[in-house]
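**Student:** Here it is, the structure in full.
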Amino acid sequence: MNALAATNRNFRHAARLLGLDSKIEKSLLIPFREIKVECTIPKDDGSLVSFVGFRVQHDNARGPMKGGIRYHPEVDPDEVNALAQLMTWKTGVVDIPYGGAKGGIGCNPKDLSMSELERLTRVFTQKIHDLIGIHTDVPAPDMGTNAQTMAWILDEYSKFHGHSPAIVTGKPIDLGGSLGRDAATGRGVVYATEALLAEYGKSIKGLRFVIQGFGNVGSWAARLIHERGGKIIAVSDITGAIHNPNGIDIAELLKHKESSGSLKDFNGGDAMDPNELLVHECDVLIPCALGGVLNRENAADVKAKFIIEAANHPTDPEADEILSKKGVIILPDIYANAGGVTVSYFEWVQNIQGFMWDEEKVNAELRRYMTGAFHKVKDMCKSHDCNLRMGAFTLGVNRVARATLLRGWEA
């Protein structure tokens, strides 16, 4: 099932649990605005090339719309739509004053030089600058984009609107980026994991973890779990997978990956089949890579007791049902990976105030938001007698529906 169908299904289930009026249910699903632009740039060899850029602005009932911009060959309107909608519910779950948006350009950043990427980013910004804004829609990095991409958007946007550091988050520190933003999603995953485990009288220390995906989110989560005494027994990324029943030394693995660019040939663990990783014996499984990795083919073989969804939509609805019947506790993505957007919110606040925080304050506030949101999700689980995924969806959807009704949505 694709991300949009799965998101709509979860939304409709939450709407039924909340007893939402059918008219408001329908209005909440319809995006506020969908933007499609042609971005034509000269390549370094002088030839012209054209790319299609998208921005879906889903909902602004609770505040400016917020969401990443991805550069990927398979950026398509359906996926961007699903991710924009997910952002609306996600910002509702952690109670930050935003709505949801998402964008992207259908390109392969690996095929473009640095100067071509800069030209593409600037043309895209020129095409959408009057539709985004500090109090309208605030982009951030996503797959295939980074702090440098945000710096170009900030610079191009400022040519039209004056110095505007709050127009994007995930910027370089030198241009008003927030300390702690780089680690935020992974750190948020760890705070969420601690909150969940505490419910079961457990802590990270001594438990066995398997992490799928060793990019920004997975490597930060691994580092912080390792520091807290968790035993990471298997890790994978696109270069391969390794395991060590006695625990992997994450600091050494990070050094190895930095020097070689790969997990292969790491002498602190044995190679394993990456497909076996998700069904490896462990206490906690953390998928940090692509969507749909847990599906009806492998769900029955999963041996983890807890799954923390650090990736977007890693569990298909069919796998969800199989895992629930097995008694596996799943911490859903719209809560578990919300650390990134939460620290993006802190960055935006710092930019608007013109007053920057130290990293200790950023991390303390992140812990407060993630822990508080977990208890609110649990309250919804009790009220509606549902699992954590529906607890999170009902919490997010209810907050957006309330804001929409209070504003007088039929006017």
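Note that Cβ sites are derived from N, Cα and C of the backbone, with glycine treated the same way.
The substrate binding site feature in TrEMBL is assigned to Lys66, Lys90, Ser344. Annotated active site, proton donor per TrEMBL: Lys102, in sequence order. If you look up TrEMBL, you'll see Asp142 marked as site 'Important for catalysis'. According to TrEMBL, the NAD(+) binding site annotation covers Thr185, Asn216.
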**Student:** Take the C-alpha atoms of Thr185 (NAD(+) binding site) and Lys102 (active site, proton donor) and report the distance between them in angstrom, rounded.
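**Tutor:** Computed Cα spacing between Thr185 (NAD(+) binding site) and Lys102 (active site, proton donor) is 17 Å.
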**Student:** When you average the Cβ positions of Lys66, Lys90, Ser344 for the substrate site, which other residues in that chain have a Cβ within 8 Å of that mean position?
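**Tutor:** The answer, listed by sequence position, is Gly67, Met87, Thr91, Ile96, Tyr98, Gly100, Ala140, Ala338, Gly340, Val341, Thr342, Tyr345.
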**Student:** Between Lys102 (active site, proton donor) and Lys66 (substrate binding site), what C-alpha distance do you get in Å?
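**Tutor:** Given the Cα positions, Lys102 (active site, proton donor) is 7 Å from Lys66 (substrate binding site).
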**Student:** Provide, as an integer number of angstrom, the distance between the C-alpha atoms of Asn216 (NAD(+) binding site) and Asp142 (site 'Important for catalysis').
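**Tutor:** That separation, Cα to Cα, works out to 11 Å.
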**Student:** Run through the Cβ atoms and count how many others sit within 10 Å of the one on Lys66 (substrate binding site).
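**Tutor:** Excluding its own Cβ, Lys66 (substrate binding site) sees 29 Cβ atoms within 10 Å.
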**Student:** To the nearest whole angstrom, what is the C-alpha distance linking Ser344 (substrate binding site) and Asp142 (site 'Important for catalysis')?
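**Tutor:** Pair distance, Cα basis, whole Å: 12 Å.
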**Student:** Can you tell which of the recorded positions (Lys90, Asp142) has the fewest other C-beta atoms within 10 angstroms of its C-beta?
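**Tutor:** Per-residue Cβ counts within 10 Å for the recorded positions Lys90, Asp142 bottom out at Asp142.
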